[in-house]
């Protein structure tokens, strides 16, 4: 009678934990000034990134800006992290460009809506902890692959002044880069490379002057001014709306929706993984306490839903912008909300000047950002750690660049899992021990076999062969006290070992069965395979005494 109310109470507590509360702003009285300053700083950093990712996605600069504003507010209020900054990201752009190429620009808002629903449902189902199964080398390989793709996606912006539609080039970043280079305008390339160089120098030097100096905006400002003053061929962002569009449902044509389900699943998986990784990084950087992964998924799902209503892109947590927020003093959700307000003011007050920014300048920002995603020291550490980690890292990176992000993560996790299982299997061992105390006649007819480590499917056959190889004995004592992980296959093999020995006339005694394994052994039939229920012992000494007694009964002259 009490179980059902308890489950209901747990469900109610779980759902309550997914909702905003006054506790989210408990420290705001002490930190609001720093939060506003951090929000301003992040807004400045986010502006060129939002514009650049909007362009690189194949949609538009204003779509990136709208996403940063709408999703930024919603995720800050409803998300599970106090300091997470959300919006368009490079990883999401990598996924969106092939979708635009295959289904057109109009499909993006629909995909954002569907993906938002999927992420929201994942949060409501409590799937937020799933990201913990992704190994570090896989995450870093994924990040390296994304960085390479972002770099390659900027190549078409540097080779020609003509606006290139996503459908004009291959959806594969490597192929698209080669295609654009084949038709490059040499004069335009020189102008574009100069713009990239100016932006890159500003972004590299600015932090050395002061961490708060916005190098990307300074570089963009210089390039924009030069492009206006000089007869520059550089393509510009173009006209931007001076206000947010009115919310409206995206196209939900039943004839088109089925073809967008698979892309939406990919986008949802990426949004969930990237957002949870970013929230985990934020929790390690800030002293704001742990984050709620399920609430984070709910917040990100709502953020993508909201962005889709305004014609925006799917949103995720942004690791780099979140780190800037924390390092700038952000400690509550106020900083994330204010960063979106700053971007909204740009739309309302500065749409004209922003539209004059050359696309090559945005490409420079994204190229530097991509380069900063990869830490050479981290790559060296992984490659020098273990062969398994190195293989998972390289394989994930290569598949990310050449094929698909989500497939890369899945394959990386599988490969890492196979190596981990292989390592666990090697840690499983079977050792024959000497009998304790002084030797007695007949002891050579007794074998004490100690199981160490895990006994599971990957080690089961080897363990069976090793124990079965024990010959010329009358009694075998199987020591279970050092046994760690046991699965159903391991328990089944243990039962097979007992039965095989008993069929040979060998008496089997079990010593030290742990309480956590007892139910499994009983269910699978290990304990039932024993010749007698008294052949189950807690300590080794009574088991040895029983074995010696058995040997003496078999050999009275011993």
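Even glycines carry a Cβ here, placed using N, Cα and C.
Where the annotation comes from TrEMBL, it is an automatic prediction and has not been curated.
The transmembrane segment annotation in TrEMBL covers 36-55 (among others). Counting only same-chain residues 6+ beyond the ends of the transmembrane segment (36-55), those with a CB under 8 A from a CB of the stretch are 61-65, 67-68, 72, 85, 87-90, 92-93, 157, 212, 214, 216-217, 220, 237, 313, 318, 320-321, 324-326, 328-330, 334-343, 346, 354, 357, 359, 361-363, 365-366, 369.
Residues or ranges marked as transmembrane segment by TrEMBL: 61-78 (among others).
Among the features that TrEMBL reports, transmembrane segment is placed at 85-102 (among others).
Summarising the annotation, TrEMBL assigns transmembrane segment to 108-127 (among others). Below 8 angstroms of C-beta separation, residues 14-15, 18, 57, 59, 63, 96, 99-100, 249-252, 256-257, 260-261, 263-265, 267-268, 271-272, 294-309, 311-315 of the same chain, each at least six residues beyond the ends of the transmembrane segment (108-127), sit close to that stretch.
If you look at the transmembrane segment (134-152), the same-chain residues 6 or more away from its ends with a CB under 8 A from one of its CBs are 56, 90-91, 93-94, 173-174, 176-177, 273, 277, 366-367, 369-371, 373-374, 378-379, 382, 385, 389-390, 392-401, 405, 408-409, 412-413, 416. TrEMBL lists 134-152 (among others) with the feature transmembrane segment.
Marked as transmembrane segment by TrEMBL: 188-206 (among others).
TrEMBL lists 213-235 (among others) with the feature transmembrane segment. A Cβ distance under 8 Å defines the sequence-distant neighbours of the transmembrane segment (213-235), meaning residues of its chain 6+ beyond its ends; these are 41, 44-45, 47-49, 157, 161-163, 187-188, 191-192, 195, 198-207, 353, 356-362, 364-365, 368.
Taken from TrEMBL, the feature transmembrane segment covers 255-273 (among others).
Feature annotation from TrEMBL assigns transmembrane segment to 337-370 (among others). Outside the transmembrane segment (337-370) by six or more residues, the chain places 35-36, 38-40, 42-44, 46-53, 55-56, 61-62, 65, 68-70, 72-73, 76-77, 85, 90, 146-148, 150-151, 153-154, 157-158, 191-192, 195-200, 203-204, 216, 219-220, 223-224, 227-228, 232, 234-244, 320-321, 325 with a CB less than 8 A from a CB of the stretch.
Taken from TrEMBL, the feature transmembrane segment covers 390-421 (among others).
Note on the domain 'STAS' (446-547): its mean pLDDT in the predicted model is 93. The domain 'STAS' annotation in TrEMBL covers 446-547.
Sequence-distant contacts of the transmembrane segment (390-421) (same chain, at least 6 residues past either end, Cβ-Cβ under 8 Å): 91, 94-95, 133-135, 137-138, 140-142, 144-146, 148-149, 172-174, 266, 269-270, 273, 379, 382-384, 458.
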